[in-house]
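Following: one structure in structure tokens, then a few remarks.
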Amino acid sequence: MSAKKRTASSARWMQEHFDDHYVKLAQKRGLRSRAAFKLEEIQQKDHLIRQGMTVVDLGAAPGGWSQVAVKLAGDNGKVIACDILPMDPIVGVDFLQGDFREENVLNALLDRVGEDKVDVVLSDMAPNMSGSDGVDQPRAMYLVELALEMCHQVLAPNGCFAVKVFQGEGFDEYIKSVKQAFKTVKTRKPDSSRARSREVYLVATGYKL
């Protein structure tokens, strides 16, 4: 993508962002990002998080999903969040800053989880987009593979998984992998997800491995 096209695309995104209904609603409700509404919509349909549950939130910054998760899990629940970017503290959220593709960060995250298994793994991770599908799609698929691997390491039997996936090369194969690990897998496109985005969310329940 040329610099000129990238600048035009960035300007269009900024205009859409500030005109966006969900951006304005997030600001009104004190939510850190419009992404919070995606998890709220998923929760309304699939009831993933309940009081007292332990939740891992991957790609958490700036904290929209963690805000929703900690409210749903309640005082007796636990939310462990991780992102390569910094995130302002949220009461009830144990946040680890680091790139969990790196072994030392992954080990630190597993230490936070401890010996007990978790009930829900959330992933809203996305790579820094270059504008080239040949570069961006493999990066995105690598992240969702890591999120599924996290499920294999920490998720309790019958646990749940919600992950953002970009449709493209590797998408169908990934769905097959998720279906092998969970009893039920649904594809969701929340209303708050921009229509032109290739992102969808796989919502998997009944972890069975």
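Every residue, even glycine, has its Cβ placed from backbone N, Cα and C.
Of the residues Asp119, Asp124, Asp133, Swiss-Prot puts just one in the S-adenosyl-L-methionine site with Gly63, Trp65, Asp83, Asp99: Asp124. For the recorded positions Asp99, Lys164, the greatest number of Cβ atoms within 10 Å around a candidate Cβ is found at Lys164.
Counted within 10 Å of its Cβ, the other Cβ atoms near Trp65 (S-adenosyl-L-methionine binding site) come to 29, all protein chains included.
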